[in-house]
C-alpha cells in the first residue's frame, strides 16, 4: 500500500468512458485513475459495469467513446496485444493456466523472444518470494500460487498495471494473506493494481483507494481511510423500485393448471445437511407462496447449490426433499416433471437457444415433456400470453432470441420456466445485465408467481433486490449457512451485507 502522498504522474487515467449494449447504457461517462505503487479497489453490485470497464482498459472490449491516458499518451481504443505492450495485464478470477505444462512453460508461454529471459523470471520469483519448482506441472499448484503464476506472466511482459478480478474469491484466509504479502512486495516496485472484490475487510487491508460503481457510474470514490463501511454500503445500494403487476397482467400470467396446488406456507422443498461442490452442511426449508432470498458473495456457493438441486452437479451428502419425497437420485428431467424448475444465471449460454425462435424457446421445457416437436400455433399462442403478461417487446414469434435486448431475453427465459408449471422456481441472478425498467417488470412478476403459491428461491448478489423481494433470507458465507433465516426488520441491506462480507461489526447491525 502507499505510504507516501508523493506520487508521480498516474499510470492510468480513464476519462468519460461510455459503453452501451443492446440499447442499455452500461458505462455512463466513467473517470478512473490508477497511480504507481497503489491498490485502487473497485466495488459494485452485479451489472454495475466493473468488468466492462476493465475489459475496455485491457483492450478486450472497445468503448463507444472516451479516452485512456497511459504513459502520457491518449488512446481511444486498445487491442489486447497493444494493452500488453503498454504494460496492462488482466488476471482473471479463474487463472487460465495449462495444467499439463510446467510452471516455467506457463510463465513463458506466448512471450516475445526479447522477453524470454530466464534470469528475469528468476529475479521476479525471488523478489516476490515464490518458492516454485519450475519443472512441476501447473496443475499441482494451489489456487493462490496459480494466481501468482498469472501475475508473473504479466510481469514478464513488463506490466505496470495489473487488474486483479476477484483474486481471493476461491482462496482460504491463509492463502489470501500469502497473496497480499506478495502484492505488497510488488507495489514497492511501482506497479499499480486495480483490485476488484466484494470483500470489505480484505479491501480495507490492501487498498489505498476505493471506487464504488453503481448503474454504470462512479457513485463513490476516495481514500480507504476516509470512507466508512456505511458510506460504501450506501453507495452500492441502488434506488427502490415499484412492486406489483396490474390486474390485467395477473390474469394473463395465470400459470398452467397441471401442477399440484399447495396452501401458502406449506413446506415444498427441504434441504437436510446438503454437501456438494462449493458448499457444505446446508439446511433450509422453502414454503409455498414465499420468496426465499439466498444472498452471498461471489464464490459463496449459491449457484453451485442451485445447480445441485436441479441435478446438474453431483450431491456428495445430505437429502433433498420435494413434497416430502427424496429426489437425490432423480435426473434433471425427472425433477422437472415433479415441478422443480431452474432459471440459470447465464441466460445466453445456459438458458436460451439464441438461434431458435421466441416461441420455441418459451415452450422448450414443455417440448421435452410431450416430445420434441413443436406445435407452432399453440406455441405462438403461449408466447402471446406471456408477451401481454410480461410486457415482452418483439416483432414476431419466429424471430431469433438473440435479436432481443437483454431485458427481453430475460423475460423470455422466465416465461420458459413458468410454462413448465413450477411448484418450486429457483431463479439465479434474475435481473443481471438488464435495465431498471426491465428489473421492475421482473420484480412484479416474481411477486405474482409467489401469489399463486409457487415457492420461489431467489439467488441474488444485489442486496437491495433481496431486501425488496424476500420474505425470508439466508446468507451463504464460504459455502455455509451459519445463521437462522433473517425475517422482518432484519432483512435490510446493512445486515445482509455485513454477514456476507464477514464484517466484524455484523452483530451490531442486528441489534
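Each residue, glycine too, has its Cβ placed from N, Cα and C.
These come from Swiss-Prot:
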- 12-240: domain 'ABC transporter 1' (DOMAIN)
- 44, 45, 46, 47, 48, 49, 50, 51: ATP binding site (BINDING)
- 240-503: domain 'ABC transporter 2' (DOMAIN)
> Same-chain residues six or more away whose CB lies under 8 A from the CB of residue 49 (ATP binding site)?
Replying inline: 19, 26, 27, 30, 213, 215, 216, 217
>> Using a 10 Å radius around its CB, how many other CB atoms surround residue 44 (ATP binding site)?
In response: 24
> By a simple count, how many Cβ atoms lie within 10 Å of the Cβ of residue 50 (ATP binding site), its own Cβ left out?
Replying inline: 22
>> Using Cβ atoms only, which residues of the same chain lie under 8 Å from residue 48 (ATP binding site) while being at least 6 residues apart in sequence?
In response: 213, 214, 215, 216, 236
> For residue 51 (ATP binding site), which residues of its chain lie six or more apart in sequence with Cβ-Cβ distance below 8 Å?
Replying inline: 165, 196
